[in-house]
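J.: This structure is in structure tokens; I'll ask about it shortly.
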Amino acid sequence: MLRYLTAGESHGEAIIGVLEGAPAQLPLTPDDINEHLARRWLGYGRGGRSKIENDTVHIYSGVRFGKTLGSPISFRIDNGAYEKDKAGWPEKMAIEGEPPEDMEKVTMPRPGHADLAGKQKYEHDDMRPVIDRSSARETAMRVACCSVARRLLNEFGIEVGSHVVRIGDVGFDEPEEWADRRNALIEEGGGASALYETADESATRMIDDGMTERCVEHIDQTKKDRDSLGGVYEVVVTGVPPGLGSYVHWDRRLDGQLVQAICSIQAQKAAEVGDGFFNAHRPGSQVHDPIEPREDGAQAYPRRTNHAGGTEGGTTTGMPLVVRGYMKPIPTLIKPLDSVDTATGEPEPTRYERSDITSVPAASTVAEATVAYTVANAFLRKYGGDSVPAIRRHVEADRAAPNE
């Protein structure tokens with residue numbers, strides 16, 4: 001099974017990651033990871049840090065001559081802001097010594113951020129450690145670690161893609177409004193990669209040009225209003241075999257794991273599998289996906305619709321996995337909100353810390369990564385193996401076995 005840990009602060013020298021459990025003999029190069037690190041900076045409405053960072057992963061172990069070894073893989077991504085920013089981060093984030101005498105402590109928590117909760121939990125008198133570790137900068141390393149899982153899925157014809165369906169008040173209201181376009185892209189391209197490639201061409205990662213233009217205008221107006229925006233995105237996984245996940249234990253249910261994967265990302269406050277929220281107010285006859293006869297040699301029974309999002313009983317059906325994430329507006333606003341200075345106990349307005357107007361497009365690419373990691377773990381649980389050739393033998397045996 002895969003497991004990864006990340007370490008590092010947003011304005012420290014670097015962020016670090018370690019991934020264990022990756023099978024041996026998996027083709028892997030830094031380019032496989034850097035492609036998706038670059039995509040993480042996509043999207044209209046990003047802040048100043050996107051002009052400072054140029055994320056490139058360094059692999060220090062677990063890979064030799066372009067293939068994984070089966071041992072832990074370690075990564076490093078340097079923080080460009082550490083040296084390029086003129087705020088004196090090498091001194092403010094020093095590992096040793098004492099704080100600079102002129103360093104101002106952060107004592108004003110921002111509503112909606114981890115500042116106050118982290119200060120109280122870890123008893124910091126300065127919220128800078130909370131701000132820097134809870135920052136979405138950490139997701140760069142998540143994307144790096146999870147890109148290995150994505151590369152593993154690709155070896156077996158499983159692809160992951162995403163697109164944005166709403167930013168603030170602008171976007172689609174019902175899944176049927178974008179499903180045909182999404183499905184056509186996937187069918188024409190042969191998998192979910194075609195979905196993300198098309199979305200990446202849009203300033204807002206949407207697959208509808210008219211909606212992209214409206215969202216850009218909405219973001220521009222929100223910037224003038226000194227506010228921020230959240231939104232909704234959809235992640236799709238194609239090529240998934242039936243039987244991943246399980247109904248026999250609560251923690252093996254794949255739909256529950258997918259929701260956790262989305263909501264573990266900073267600022268994501270809700271998730272649904274398939275048409276979950278919409279299904280709640282529809283009659284069952286319009287929700288459940290009719291089963292059709294399968295072709296000779298096929299593993300999965302096709303469904304006329306996919307409102308369930310590719311799972312039933314926490315187990316994959318063979319239909320594409322569909323999961324949506326709901327992101328709250330970024331809590332760092334140009335417009336001050338009411339807060340309290342924890343050093344004095346007096347009411348004070350918040351101060352602005354560099355941020356985006358919206359990062360929903362970026363969040364959708366991070367969600368691709370966490371979903372890929374989750375599906376890869378379910379895949380390994382079913383098929384197992386210490387190397388890619390061993391896993392391939394297990395997959396081929398499963399496909400060849402009669403399954404009534």
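Keep in mind that glycine also has a Cβ here, set from the backbone N, Cα and C atoms.
As annotated in Swiss-Prot:
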type    : residues                                                                                       : note
BINDING : Arg40, Arg46                                                                                   : NADP(+) binding site
BINDING : Arg133, Ser134, Ser135, Gln266, Ala267, Gly313, Lys328, Pro329, Ile330, Pro331, Thr332, Arg354 : FMN binding site
REGION  : 283-320                                                                                        : region 'Disordered'
REGION  : 337-357                                                                                        : region 'Disordered'
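Could you tell me the structural context for the features on the list?
T.: The 10 Å shell around the Cβ of Arg40 (NADP(+) binding site) contains 25 further Cβ atoms across the protein chains shown. In this structure, Arg40 (NADP(+) binding site) belongs to neither helix nor strand by DSSP; it is coil.
According to DSSP, Arg133 (FMN binding site) is assigned to a helical segment. Long-range Cβ neighbours of Arg133 (FMN binding site) (same chain, at least 6 residues apart, Cβ-Cβ under 8 Å): Glu9, Ser10, Gly118.
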J.: Tally the residues of the region 'Disordered' (283-320) by DSSP class, grouping H, G and I as helix, E and B as strand, and everything else as coil.
T.: 3 helix, 6 strand, 29 coil
J.: Quick check for the class: what is the C-alpha distance, in angstrom and rounded, between Lys328 (FMN binding site) and Arg40 (NADP(+) binding site)?
T.: 18
J.: Using Cβ atoms and a strict cutoff of less than 8 Å, what residues sit near the region 'Disordered' (283-320) while being 6 or more residues removed from its termini?
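T.: Cβ under 8 Å, 6 or more out: 186, 192, 236-238, 240-247, 252-256, 272-276, 378, 398-399, 403.
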J.: Tell me the Cα distance separating Arg40 (NADP(+) binding site) from Ala267 (FMN binding site), rounded to the nearest angstrom.
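T.: Ala267 (FMN binding site) and Arg40 (NADP(+) binding site) have their Cα atoms 15 Å apart.
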J.: Could you tell me how many residues in the region 'Disordered' (337-357) are helical, how many are strand and how many are coil under DSSP?
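T.: Residue counts for the region 'Disordered' (337-357) by secondary structure: 0 helix, 8 strand, 13 coil.
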